[in-house]
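K.L.:
Pulled these from TrEMBL:
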TRANSMEM  16-38  transmembrane segment
TRANSMEM  101-118  transmembrane segment
TRANSMEM  124-141  transmembrane segment
TRANSMEM  162-184  transmembrane segment
TRANSMEM  190-214  transmembrane segment
TRANSMEM  266-287  transmembrane segment
TRANSMEM  299-317  transmembrane segment
TRANSMEM  329-352  transmembrane segment
TRANSMEM  468-486  transmembrane segment
Amino acid sequence: MGLGWPQAWLLGLPTAVVYGSLALFTTILHNVFLLYYVDTFVSVYKINKAAFWVGETVFLLWNSLNDPLFGWLSDRQFLSSQPRSGAGLSSRAVVLARVRALAWHGPLLALAFLAFWVPWAPAGLQFLLCLCLYDGFLTLVDLHHHALLADLALSAHDRTHLNFYCSLFSAAGSLSVFASYAFWNKEDFSSFRAFCVTLAVSSGLGFLGATQLLRWRVEAARRDPGCSGLTVDSGLCGEELLVGSEEVDGITLGQYLRQLARHRNFLWFVSMDLVQVFHCHFNSNFFPLFLEHLLSDHISLSTGSILLGLSYVAPHLNNLYFLSLCRRWGVYAVVRGLFLLKLGLSLLMLLAGPDHLSLLCLFIASNRVFTEGTCKLLTLVVTDLVDEDLVLNHRKQAASALLFGMVALVTKPGQTFAPLLGTWLLCFYTGHDLFQQSLITPVGSAHPWPEPPASAPARAPTLRQGCFYLLVLVPITCALLQLFTWSQFTLHGRRLHMVKAQRQNLSQAQTQDVKMV
């Protein structure tokens, strides 16, 4: 039976476009969540301080542990190097399993997002449950989406191509930040609630459509001997890479952790990425504060709001250019160049001082854009680590989601260190405690212009100076640490080509074994 014309037309879309569209359906929700969830519970639902900190503490623990937990539950059957002959999963079946997981978890993420904007329980309880539910489904979506990047393509060029469309669709999804300003009103919450319902419905339907399309493409490739349309580099043609089922004796979690402890490049990467995650979240948390105390006397409220919105969109657009550089020079060289650029710009800003306002405005914006851009490029490095892990430990299938989860376990504490260390440094240097201001807006909220306390004018120069030194010294320190750790990372150049070749040889060898069975 032939395909109908809509299905045939949709099957003609490139895999990279379909894969990238999944980033759109996540981004339209997540950026709105980041901007408004604190302000909603503090200003609209009037959560008390104790319940707020209890919720954030539980969320911190859950946020750190759920990545490796879900990764282990997803990929533990892939760790065995001795699959039972004739029984197991093919690479195509692994991709199908990840797509089915996204088809379930994507709409559930949209429902969890909706739960924030309708009061249905005491504020403290709702805050705790909403954070844990939302982050759990977000983690599941991110893990399987990132794992597909390693499963759908093998070459660095093709993975870069997939990531290009992720950045393009993420930039489009970030436009929801601009639209949200038209609906945000703490006094009349109904219009903003309707806006969030629209986002959630669009996201849920988008996940269902995109995952159904990916399933169609997998099934079409199974029937097509040429396997021309499924993957970027035909990585799933044939029934290669049989992997053991759960009945096979796999390695234990302790054995897997010992393997990671011997994986030198993994250790150097997570050391560098911990600093990067810290710096990304430091910029996100303190961006409104820097605008307020360094630029608010010189730019209008609307300009500040536009800058805040652009800070969410520009990194995705800029990443399109970074990815083109990656195709030419390699990810390692581009990331190293961004670290050097961060160090150079920060030193220049330190020498210029806080009174060069045009340079200061450019630095605040570029610091966030380049830092976020680096974070997005590092996904490609993790996919290379997935390949090296497979080769070093002679696995029969790459444990993509599990390795992404282990990276998150080590690096996510940087999210917590960023606001804690930033507020402590500011208090230590200036005596200014953010939590003691009665009228200040929570850091990272949608409104970057809180009313200053009555005593602010007397200490404004000291606070402004403290914000400036925090702005420039943190990236200088981060850049120096990252340049050292990144210099120890060897998975690039000849070694990366060798790992790619060995994984390709493993795929071909397994394909031949399957054909002989």
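Even glycines carry a Cβ here, placed using N, Cα and C.
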K.L.:
Against which stretches of its own chain does the transmembrane segment (16-38) lie, if we need a Cβ under 8 Å and a gap of at least six residues from its ends?
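P.N.:
For the transmembrane segment (16-38), the list is 102, 106, 109-110, 113, 116, 130-131, 134, 138, 141-142, 145, 148-149, 152, 161-162, 164-170, 172-174, 176-177, 180, 184, 192, 196, 199-200, 202-204, 206-207, 210-211, 213-214, 217, 232, 284, 312, 442, 444-446.
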K.L.:
Might you confirm whether the transmembrane segment (101-118) is in contact with the transmembrane segment (124-141), defined here as three or more C-beta pairs under 8 A between residues 6 or more apart in sequence?
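P.N.:
As far as Cβ distances go (cut-off 8 Å, pairs 6 or more apart), the transmembrane segment (124-141) and the transmembrane segment (101-118) touch.
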K.L.:
Looking only at the recorded stretches 101-118, 162-184, 190-214, 468-486, which one has the largest tally of CB-CB distances under 8 Å to the transmembrane segment (329-352)?
P.N.:
468-486
K.L.:
Could you give the residue numbers and ranges of same-chain residues that sit at least 6 residues beyond the transmembrane segment (162-184) on either side and whose C-beta is under 8 angstroms from one of its C-beta atoms?
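P.N.:
That would be 15-17, 19-29, 31-32, 35-36, 149, 152-153, 191-192, 194-195, 199, 232, 305, 308-309, 312-313, 316-317, 319-320, 323, 376-377, 379-380, 446.
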